[in-house]
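Asks: The feature ATP binding site is assigned by TrEMBL to GLY101, ALA102, ARG103, GLY104, SER105, GLY106, LYS107, SER108. Here TrEMBL flags 353-370 as compositional bias 'Polar residues'. Annotation source TrEMBL lists compositional bias 'Basic and acidic residues' at 493-505. TrEMBL lists 8-333 with the feature domain 'Kinesin motor'. Here TrEMBL flags 353-430, 493-513 as region 'Disordered'.
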Amino acid sequence: MVSIRDRKVRVVAKLRGSLAKEAESSKDGSVSWLSVYKPKGEDSETVTVTLVEQSLSRRECYEVDFCYEQNQGNDVIYSREVKPLISRVFEGHNATVIACGARGSGKSYMIQGTEEELGIAVLAMVEVLSVAEEKGKLVSMSFYEIVQDRVYDMLDQKRQEVSILEAHGKIQLKGLSQVRVASMAEFQKLYCGDRGGMRKLDQKIAAELPSRSHKGLIIYVSSCGENENDVVVGKMNFVDLAGYEDARRKSRDGQTCVENIKMINKSIYALQNVVYSLKANEVHVPYRESKLTRLLQGSLGGTNRILLVSCLNPSFCQDSLYMLSLASRCGQGTNRAISDSTKKISRSVRNMASISHKSRLHGSSSNISKKQAVRSMPFPEKKAATNSSALKTRKLFDKTGQLKSDKMSSLDNDLATEHSTQEEEMTSNTAKQALPLKAEGSSPLVLQDPKSTSFSEALVPNSITNETTACFQEISHNEDGHEEVTPITKVLPKDKNGENMDKENYNSLDNQRVSPPISARLQELSNNLKSLYFSTPTTYRDTTMTNDISVLDEVSLTNDTSVFDEISTLLEPVTPHRGAKTNDAQEVASFCSPWETFNMHNSGVKDSVVKEYLKFLNTAKKEELKKLKGIGEKRATYILELREDSPEPFKNLDDLKDIGVSAKQVKRMMRQEVGGIFD
Ligand SMILES: Nc1ncnc2c1ncn2[C@@H]1O[C@H](COP(=O)(O)OP(=O)(O)OP(=O)(O)O)[C@@H](O)[C@H]1O
């Protein structure tokens, strides 16, 4: 089993210390809206953060690898979480520490710190410099800012924009300064301020650009290579994400800069999605969805490590909670957010889809004894080039997810899956959250895929009905970039062994959209064949099934094939198959597809009708001929005269011209006659 320290993605939470005014408003300055459950104290491998805001009539729980409380300073987070990563950097692996959270949740305080309390990046640099000296390595740094998805070099006087290039599979940051650092004083000067003449420039740029941005520090450990060029051994990234804010709420509040908020949120989701994908070992990791993920690409996958710290405000903050839910969800590559509502409300299917999908876990403490696992994930927002609905389907359940869901579905099903109105609002407000569906009594779904509009689906075994439900979700993005999900649920038919017959057809919605499932098409063909077969007079049926179909060739040799085509169309709107020349229908069937075989049979039936009609003209008595529509006394007499000259004057429909019947009349006659036969 992989030790938690060896996990490639680790997700922890950090409760920010209270500010003076916050301490005043609460009795003891402690956090009252969240409680943290650590089953094994400081050695817990998983802790549960529970929302305990009574007034909200709801309780939500989220699992993370650990939660640092208010009284635990940056030094504690550093020594437990960051320091172990540093030794790996010297061994050639990269590490990335990401601070996410709502505005004012203490991200910068944790990463950068203050004069009073050093941030984890600063503490890391102390260690890196020390080890580098020991090992004879070189240390350098880059410092960048991302504003409106553009990267700027913070160590450059002019704040040059950085281009992200990819060459030979490696990301190159063109225009990003990499400055050698030999001491903490140098580092502090570059990273923590007092950048001399730059201050004025900073103010000018700050006035021009939206104030909120992501900030990133890269610490490089290098060895001196040939020609004294530095060869990077490993690097450590510290990313201080801009605070998350609900763009819709801001726009309701009439605030400006909503576009900037959306852009920031978009890149937060993109990063969360990358972390999720890496954790879930997905083949495709959506690095290309933001500049930030592109920039970090070389430090995230493979043997590299990610530490995601979800910072939490001490006073109730919906945005903080949402960020925690996303962090929790991407922490295991499956969703681990747990929710427990105390208020039962009914809701529409659509609302069911828009809230977190829940199933029950066994709780280990009294106030969280009823937990419901939410297994959904955030998805990157990826606007299509046009607003057209570029629909895309992805299979959502990997093997692990399926197994897990099976297991979960065996847990109690009677737990209500209701949510408070506020929760609903929260989740509906949650941009970029992939929203799971719940089939009653089934385990939850994991969704995917990120497009302006997309479809997601999952197969959900239902422990009660023993059926498998195919759940599709139409995910579209509203103008705020929030996903809206429309659920479509289908119960898949089962064969006698209890296997879902059409499962494979539901695995890709493309099957649904491009063409019907194969089984449906075969069924349709089969029905057509049956109805054609049984509505055909026995003589024709026998002829078709047992005799040769050489008449096809005969007919195709006629001059006016359009006549035949039209007659055929009257019988059945299927193109006659004329390629095969065989007398053995079974043989044909053996090397033709069912569709081709059906076509041949179908054409054969039609040809037989024509053949029988001509045979009738060649053999019937005068009175019988006159029973045919379009043949009166004169024509019947003429037909008999022709038969005296030739034993078989009518070999094909064209020969009907000999009795003064035009092509048009032939068509009409056949319509009348054939119609009569099939009536
Ligand atoms: N552990 C702490 N103890 C005391 N005060 C703190 C702590 N963490 C943060 N603060 C204070 O909280 C305020 C917000 O912190 P900070 O600026 O780090 O938040 P942020 O999440 O980076 O905000 P933004 O999203 O706006 O960038 C600051 O005044 C900071 O000094």
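Using N, Cα and C of the backbone, Cβ positions are placed for all residues, glycine too.
Unlike curated records, TrEMBL annotations are generated automatically.
From a predicted model like this one, the values you see are computed outputs, not experimental measurements.
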Asks: Where ligand 1 binds, which of the binding-site residues ALA102, GLY104, SER105 are close by, with Cβ under 6 Å?
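Replies: What lies within reach of ligand 1, judged by Cβ under 6 Å, is GLY104, SER105.
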Asks: Of these binding-site residues, ARG103, LYS107, which scores lowest on Cβ atoms within 10 Å?
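Replies: Minimum Cβ neighbour count within 10 Å, taken over the binding-site residues ARG103, LYS107, occurs at ARG103.
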Asks: Within the same chain, and leaving aside GLY101, ALA102, ARG103, GLY104, SER105, GLY106, LYS107, SER108, name every residue whose CB is within 8 angstroms of the centroid of the CB atoms belonging to the recorded ATP site, in sequence order.
Replies: ARG16, ALA99, GLY243, CYS311, ASN313, SER320
Asks: Which residues, sitting 6 or more apart from GLY106 (ATP binding site) on the same chain, put a CB under 8 Å from its CB?
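Replies: Listed in sequence order: LYS14, ARG16, GLY17, CYS311, ASN313.
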Asks: Indicate whether ARG103 (ATP binding site) is helix, strand or coil by DSSP.
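Replies: Note: ARG103 (ATP binding site) is coil by DSSP, not helix or strand.
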Asks: For the binding-site residues GLY101, GLY104, work out the Cβ neighbour count at 10 Å and name the residue with the minimum.
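Replies: Output over binding-site residues GLY101, GLY104: least Cβ neighbours within 10 Å is GLY104.
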Asks: What's the most sparsely packed of the binding-site residues SER105, SER108, counting other C-beta atoms within 10 A?
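Replies: Taking SER105, SER108 as the binding-site residues, the minimal 10 Å Cβ count falls on SER108.
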